[in-house]
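J.: The following block contains the structure, expressed as structure tokens.
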Amino acid sequence: PGGCPALCECSEPARTVKCVNRNLTAVPPDLPPYVRSLFITGNPLTDLPAGAFPAQRLPDLASLNLSGNHLRTVEAGSLALPALRQLDLSGNALVSFSPQAFGEGGSPLEELVLRGALRDHGVLLSLAALLQSGALRNLSRLELADNGLLLLPAGMFTALPALRQLDLSNNSLVGLRNVSFQGLGQLQSLNLSDNSLGMLWNSTLAQFRSLPALRHIVLRHNTWVCDCAIEDLVAWLKESDQVEGKEALTCASPDKMLGKALLKINGSDLNCSMPIDLPSQLQTSYVFLGIVLALIGAIFLLVLYLNRKGIKKWMHNIRDACRDHMEGYHYRYEINADPRLTNLSSNSDV
């Protein structure tokens, strides 16, 4: 007890243990109980099983850095540490992250860094389930940068009332319409730089306005589409002091607007020749189609009304023709059914 694992470096006064680039394939079982900061990085470690960090033996472990390993699975109960405040899983290729990784109860975790660790979509959904469960209600810093994310699961951040810093930079986010920031009353910093955002809709801008502590929003290096739909974003940028470096935001398309600063855009600069509200356009088309069909139906009924006598005569003629035809069939049937009439019919030609 109190010793140091063979492949690690320990400092009891600093209460720190470092197992860096030691070719470890499992968490050392003999970690000293005094450890408060633990670094296990750059190892071929692939799995965190339940009890990998025994809570009874590591009651004071507050900072855990597992970045740059080969971690693929984080099992239930593997991170159930009573004093854990900081966790860094960056640079791992996670494919499985149990929503019960921090145990059945809540975790005191305050900082979670997952930079470049969520390349698998299933892991993203598991993380969303974990965050939505309320197990990390004390989380104040969340880093999800460098993960190539296109879209975020709906309601992913709704159970994080203490969140102050959210980093979504260097992904491939194309929109935030399904992302809710409601309930993040403590959010101070939001980094959306280096994504593929073409616009921010009114619903998202309204959420930004409603967050009282949000004073630092980073939007640089996005692919802003400068057409009519960007008018609301431009108006918000001009009136808001939340966006850092907003003067450097420029258009990425269309070609005639390429490189133009968003803050210098006027209504006359925008291309509004094409409708941008597709649902409204479709609704208008359906209404027009209904009107045309109603007019055609009215004209047809009018033609029928004006020609009612001719149509009536035509119907009578059809009725008489059908009756004559049926009488002929009936006459032939009677002849064929009576042999005497058949002989009479044959002799009538002689």
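Placed from the backbone N, Cα and C atoms, the Cβ positions cover glycine too.
A TrEMBL annotation is a machine prediction, not a hand-curated record.
Sharing the features that TrEMBL gives for it:
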- 3-37: domain 'LRRNT' (DOMAIN)
- 222-273: domain 'LRRCT' (DOMAIN)
- 286-306: transmembrane segment (TRANSMEM)
J.: Grab the same-chain neighbours of the domain 'LRRNT' (3-37) for me: Cβ-Cβ under 8 Å, and only residues 6 or more beyond its ends, written as numbers and ranges.
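T.: Distal contacts: 43-46, 48, 52-53, 57-63, 65, 83.
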J.: Would you mind giving the whole-number mean pLDDT across the domain 'LRRCT' (222-273)?
T.: 90
